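J.: Here it is, the structure, as structure tokens.
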Amino acid sequence: PDIPVIDKAYSKLSNSITVEWRAVPGATSYLLTAQDGDSFIETVVTNSPGTLTGLKPATFYRVTIRSMNSGGKSQPSPFRKAKTVLAAPILSVSSPSCDSIAVSWKAVYMAAGFSVSLMRSDGLGRMLKENTTNTSLIFTNLDPGTLYTIKAYAWNVNGIPGDDFTYNQRTSPNAPADVQVAFNSGALRAIISWMPTEGALTYSVTASSGLLKLKCNTSSASCMVPSLQCSSEYYVSVTAYNDAGSSNPTDAVSLKTIPCAPVNISIEEDEPGHLLVSWSSVNFGHYYVVFVKSDDGLEVHCNTSHTQCHFQSDCGFTYFISVFAYNKAGQSPLGDVLNYSTAPCCPSDFRAVLVASDTVEVTWAPVRGAEMYETRALGGSGVMRCNDTATACTLSALPCNTRYNITVYSFSEARGSNTSCASKYVATAPCSPEIKSISKEALSAISVHWQSNNEEATYIVTARGEAGLWHCTSSGNSCTLIHLPCGSAFSVSAIARSPAGQSLPSYSVPLETAPCCPNDLILTQVTQSVTNISWSVGMGAQTYVTTLESPKGQAKCHTLQNYCLLGCITCGTSYTVSLKAISETGLTSSCTYQGYSSSACCPSGVKLYRLGNNGIRVYWRASDETINYNTDLHGSKGNFTCTPSSGLSHCDITEIPCGDVYTVVVSPVTDKGPNLTFCPKKIYS
């Protein structure tokens, strides 16, 4: 084909030159060539215009064109010079703040200046355009979080613009507004919320406390910050992020967490019935509440802004104590729960009773908190102790006449002993007296002497025997037993009695009273010179000595029996009668009785004279003219008596049946009863 002629050669892009020509008849394609020194670039096109690409910017090229068909290529056309335009500046874009975009680029070869324009990508608002010869530019007063389209190009000294460079850049977001903090005191976490900000893709929450920083990232408008520490103040800020960068952090919002559980809790019982609970101060603790729950379920509490609380307490209880700190954020977590057991109660219904002279029985009612009891008896020369889990104790073998201070203490393993228990005084019984001597003061009075060192004691002496009991009382060391029965055996003992009680009895001393004098004593004259004495039994007597005594002589007998015959009695004589009752051990009672007069003497010289067939006269010689006599005749046909007038010494008895044998007795007349039978008898037929 013919050689084409270039009409135009121009560059609109920095890497290409566009060529325009008139079509050549018969040509099916065209070969475009751009030569820069030794290097060239070719491209084949089918019609005008055609574009050479892959060129260097801001470079002069010699452009030629050749037409082609199946016959071959034409000769190159005359060259046309054309220069590629400037390369586009390569932008570096950032948003240093929420309302600005910074654009920078490297210098462009052969560039005399640059033109940069900026407009919201959504087409809203006006376009901003800046021309500059610098390699950086900042657009301000932009909308935060908004996507902007930036276009930049360089121009040469002729003002011909080069390639443009388009870049979409979003401004960094504005700081979120209306930051709210919701603290969950139970879980020690906080939920941070805010109003979403334009253009923000993500948000970052920072909770700072000293060197500790907790972060939470989210794409929503709230975020939870876990694992907060108690008693801490956190400064919470929210930063919004997008692909341009971050917003300024919001103004820090103060978050004070709940206080930590109080530590160093101590419990003291400064005095019985009062508990003092104290603890260390807790940061951010505005006030404290102490809960005290007893093991019976009752709970009390104390509110205070100080670090100690006082509570009333009862003995024998276990108290469970917890301390919480409070502030506006809420209540502290549960810390240590301490338990404190008060000393067990002092035993109630405490009784100490002397159950024997040397034994004290101590009883009491069981009390709360007591696991064991100790009974202490202080007195005498030391302390006696009795330990037991039971509510009774017996203190035995205690010295007599001793005052003891008895206290029952309750013990628990947790708290030890309650030392404030009241005491009771108990005195043991007085000591037993020791009988030293027994002496006879009178017939039925016995004086008893003893030895004892008791204080304020009364002594009771008892004589005990088959006859009964006899007593005497004294606060000294002797007393007299009176009206003791005769002929009795006694066991004599003494006891001491005081307000504390009664002693054991002393050792017994035997006592025998003198035998009793016989109540009845009968004297019967058996013969003119023999008298029979009989008596009733004298209690306690074993033998008897009877004595009849007169100025004319004495008659005596000693016998085991309760009768005795005394001879050598003078008739018509008055005797004193005495009897001694003698016991088995030789004790003697001298007994005196009414005097005894022996019967008058029988007459002597009794003679009988017959007075006819039926009479008899009896003569006698009187022993004393003042004595009257009776004459008695005893026969089978009758008995006859004759009593002559005083002073006569004969008597006539008449009308006696004949033919009988009579016994005739003349005897003195007595005023005591029947006639004497021992005078001599005469037989008369």
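The backbone N, Cα and C atoms fix where each Cβ goes, and this holds for glycine too.
Any TrEMBL annotation is an automated prediction that lacks curation.
The domain 'Fibronectin type-III' feature in TrEMBL is assigned to 1-87, 88-174, 175-260, 261-345, 429-516.
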J.: Based on DSSP, tally up the residues of the domain 'Fibronectin type-III' (175-260) by helix, strand and coil.
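T.: Its residues fall into 0 helix, 50 strand, 36 coil.
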J.: Pop the mean pLDDT for the domain 'Fibronectin type-III' (175-260) in here, whole number is fine.
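T.: Within the domain 'Fibronectin type-III' (175-260), the model's average pLDDT equals 92.
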J.: What does DSSP give as the helix, strand and coil breakdown of the domain 'Fibronectin type-III' (429-516)?
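T.: The breakdown for the domain 'Fibronectin type-III' (429-516) reads 0 helix, 51 strand, 37 coil.
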